[in-house]
Amino acid sequence: MNKVYIAGAKRTPIGSFLGALKDVSASELGSYAIKGVLEQSGISHEDIDEVVLGNVLPAGQGQGVARQASIKAGIQVEVPAYSLNMVCGSGLKTVINAYLGVKAGEYQAIIAGGTESMSQAPYLIPGSTRSGHKMAGYKVGDHMLDDALTDAFEGYHMGVTAENIVERYGITREEQDSFAITSQKRSIEAVDNGSFKDEIVPVETKVRRETVVVDTDEYPNRKTSEDKLNSLRPAFKKDGSVTAGNASGINDGASATLVVGEEYMQANDLKPLVEIVAVGQGGVDPSVMGLGPTPAIKQAMKKADITFEDIDVFELNEAFASQSLGVIKEISDEFGVSKEYMLERTNLNGGAIALGHPVGASGNRILVTLIHIMKKRGLKYGLASLCIGGGMGVAVLVKNTDVE
């Protein structure tokens, strides 16, 4: 079968909730990421077989967010596009779908990404309103809270699932806050030293009738300190330890990758960034959805002809510090490495606690960041994985084509 490569990897800056990107729609954000990948790779628009974007909050965004983004990016109307919703895993699942299609020989070049405007998620009135209310009022719903951040089985916030992991593994508040501080420090250092510059596509928006170019991640908090984190109250459970400071943010952003087959790449003299070595996915109990990466990573490793210790760097989406630490514990135990070993190699430029978590885009964003880290540092193998609301996980293992 075809070897499969990624020949382009770009993302927008990540905006804070109701921040710099609040007036940029999900389709517009997606179009910026797509255009960035097309320009980076040099691929002809005519050669794109399909566009697929993760998107979790489509209400109010218009028909077919991915289709809108594709056409806005200048791709021909003849090229099909579809949106995919696997909650937080959406942006990485698009890469898995593209990988499988290209590997099977059905396609030669697919743009796979994700986009989300959490700032534009609307409030919702009940569907029963269509048949009328005889008397009394009704509760207005929140598209973001109801459809992205609440467990559909138990009806509680994703933060409660993070508290469930705290209880399962005895993870302390101090461990969580320390993990969060590290994420903030690494992200701010990466912003300041320009580590994100090559992966970011600037976005234009209007502020008071003036055009403003946003080219830097907005969410990292330079005022974060141990004392400030320690002062925060538990957000989801009265006697809990998960706080706003050791959880990911609510954000806006988009990301995209170009997935191509070996034959097409060679015939068109494209320079690949990484080879996709293996993919994995799996499920866990929804009450501990944050542990979803564990079975996904195990499945990917079974398919790969390398050892776990061959992997140089990891991107694990930081939905919550406790969730990340729970996965690190399970993975460390499974593959016989220490917690410190994993922490030293995970999220080298920080993660979603500092950068933010635009849910439909995050899976792709962590892969884009991983690829750029590998290229800049000369690292051979990298693995991206994230948990998914409802109790699932996805993972993608890649190899740097510049390193033998």
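Note that Cβ sites are derived from N, Cα and C of the backbone, with glycine treated the same way.
As written in TrEMBL, here are the features:
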type	residues	note
ACT_SITE	C88	active site, acyl-thioester intermediate
ACT_SITE	H357	active site, proton acceptor
ACT_SITE	C387	active site, proton acceptor
DOMAIN	4-262	domain 'Thiolase N-terminal'
DOMAIN	270-399	domain 'Thiolase C-terminal'
Worksheet entry | Distance [Cα-Cα, Å, rounded] between H357 (active site, proton acceptor) and the residue listed as 'active site, acyl-thioester intermediate' | 9
Worksheet item: How big is the Cα-to-Cα gap, in Å, between C387 (active site, proton acceptor) and C88 (active site, acyl-thioester intermediate)?
Response: 7
Response to the item:
Row C88 (active site, acyl-thioester intermediate), column other C-beta within 10 angstroms, all chains, value 35
Discussion item. Comparing the active-site residues H357, C387, which residue's C-beta has the most other C-beta atoms within 10 angstroms in this structure?
Written reply: C387
Worksheet, complete the sentence: Helix, strand and coil residue totals from DSSP for the domain 'Thiolase C-terminal' (270-399) stand at 65 helix, 32 strand, 33 coil
